[in-house]
Each structure stands twice: as structure tokens, then as C-alpha cells.
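A.B. asks: This is the structure I have questions about; it appears just below.
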Amino acid sequence: MLTKVFRMVMLGAPASGKGTISKRIVEKFNFVHISPGDMLRLNVLHKTELGKKAKQFMDAGKLVPDDIVMKCVLSRITEVGNKSWMLDGFPRTLVQAERLNASEPLHAVINLEVPHDVIIERVKGRWIHLPSGRVYNVGFNDPKVPGKDDITGEDLVQRDDDKPEVVAQRLQVYEEMLRPVLEYYQKQELITNFRGRTTAEIWPQVEQFLVEKTKAAVAKRL
């Protein structure tokens with residue numbers, strides 16, 4: 001467990017394994033996991049003032065403006081207090097990256113690089129229980145009964161945006177959108193890329209990197 005605050009960002013394309021890697025980082029290093037997307041949805045659910053503003057854009061199929069997202073993120077970081085934290089899938093724009101840096105300078109940025117063909121294959125096998133949001137993956141996290149939710153026994157479905165051609169387009173859009181952010185962190189010498197086809201291949205690299213990085217950060221502040 002760290003004795004000093006460590007601030008980091010986890011980036012990666014949809015279905016690159018961010019969720020699994022993030023969970024392991026939280027368990028191993030006791031970081032607080034911060035997901036701006038989840039936070040926005042919670043604000044919308046609880047009908048906060050911020051949530052009401054965000055919902056107007058979400059309902060219209062538009063991106064939530066940087067100002068609203070940053071307020072949400074910085075508010076959560078303030079709540080975390082004197083604990084190490086990890087932002088999951090954020091920032092997504094250069095403006096967000098610059099504002100985050102001005103308020104909360106980072107110690108590290110981890111970027112997961114998984115080949116597109118692997119991601120598309122993963123998503124092809126993804127089935128969802130819509131009422132709960134539970135996700136299953138054929139060959140990785142199979143439901144006990146094919147096509148049925150483990151808890152309710154209700155039907156599982158595949159989302160239209162999980163079709164291979166749609167996923168390929170989403171990956172292209174993601175890369176174009178994130179390129180300025182990755183370049184920004186590259187210039188600051190903050191980003192480390194981890195390449196692999198499976199979480200089992202990538203995780204040991206990430207774990208060793210963070211063991212060394214967190215020790216160095218603590219030693220620097222002592």
C-alpha cells in the first residue's frame with residue numbers, strides 16, 4: 001500500500017481489457033477507481049444539477065461538454081482526498097488532458113494497445129443481459145446456460161453496435177479522437193504503451209511497471 005498519493009490514467013480502446021486491468025490495479029495497489037462515464041450516469045440517475053445538464057446532451061446523442069465532465073471528475077478527485085487514484089478511460093480530449101494537468105499533475109499514463117482483430121473477435125462473442133447490464137463473453141466468461149443470464153435465466157442479447165463492422169468503425173473513431181491526447185502525454189514523457197493480445201499477457205507488464213513507478217514516486221517525496 002502506498003504512503004503517498006499516486007495519480008494515474010488508464011487509456012485503451014473499447015474492449016481492450018481496461019476493466020479487467022483496472023480491477024487488478026485496484027486490488028494490488030489499493031487505488032481508488034474513477035470512471036467519469038459511470039459518474040455521469042450516476043449524476044443523471046440521481047437527477048443532480050450536473051446530471052440534468054449532462055442528460056440534455058446525452059439524450060441528443062452529443063458528447064457531454066468538457067466543462068461538465070471536468071467538474072464531475074475534479075469533484076470526485078476532491079472527495080477521494082489523500083488516496084491514490086486511477087482515472088479509467090479519461091481524458092478523451094486534449095482540452096480535458098490540459099485541464100487535468102493544470103489541476104492534478106499525473107505520475108503515469110498507461111495505454112493498452114490490443115490489435116483490432118483481437119478486439120473485434122472479443123466483441124463478436126459478447127452477450128448482454130439488458131435489464132442488469134451483466135456482460136458475458138463466449139470462451140472467456142460464458143453464461144452457465146448458453147444465451148441465458150446466470151441470475152434471472154432471461155435471454156441474453158447482442159447489441160447492434162457490437163457487430164464487427166460497427167466495432168471497426170468505433171475503433172477508428174476512437175484512435176482519431178485520442179491521437180492528440182496520446183501525443184500530449186508523449187511530449188510530457190508520461191505515457192507507457194503496453195502491447196499484447198490477452199490480459200494475461202499484458203497484466204504482468206503493467207504490474208511490474210507500477211511496482212517500480214510507485215516505489216520511485218514515494219522515494220522521491222520522502
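Heads up, the Cβ atoms here are built off N, Cα and C, so glycines get one too.
Because TrEMBL annotations are produced automatically, they should be read as predictions rather than curated entries.
Got these off TrEMBL a minute ago, pasting:
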- Arg41, Lys62, Leu63, Val64, Gly89, Phe90, Pro91, Arg92, Gln96, Arg159, Arg170: AMP binding site (BINDING)
- Arg126, Val135, Tyr136, Thr199: GTP binding site (BINDING)
- 126-161: domain 'Adenylate kinase active site lid' (DOMAIN)
- 35-64: region 'NMPbind' (REGION)
- 125-162: region 'LID' (REGION)
A.B. asks: What's the CA-CA gap between Thr199 (GTP binding site) and Gly89 (AMP binding site) in angstrom, rounded?
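C.D. replies: Distance (Cα to Cα, whole Å): 17 Å.
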A.B. asks: Just give me the nearest neighbour of Arg170 (AMP binding site) among the binding-site residues Arg126, Val135, Tyr136, Cα to Cα.
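C.D. replies: Ranked by Cα distance from Arg170 (AMP binding site), first place goes to Arg126.
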A.B. asks: Look at each of the binding-site residues, Gly89, Pro91, and point out the one with the fewest other Cβ atoms around it within 10 Å.
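C.D. replies: Sparsest of the binding-site residues Gly89, Pro91 by Cβ contacts within 10 Å: Gly89.
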A.B. asks: Please work out the number of neighbouring Cβ atoms within 10 Å of the Cβ of Arg170 (AMP binding site), leaving out its own Cβ.
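C.D. replies: Arg170 (AMP binding site) is surrounded by 18 other Cβ atoms within 10 Å.
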A.B. asks: What whole-number Å value do you get for the CA-CA distance of Val135 (GTP binding site) and Leu63 (AMP binding site)?
C.D. replies: 24
A.B. asks: For the C-alpha pair, I'd like the distance in angstrom between Pro91 (AMP binding site) and Arg126 (GTP binding site), rounded off.
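C.D. replies: Between the Cα atoms of Pro91 (AMP binding site) and Arg126 (GTP binding site), the distance comes to 26 Å.
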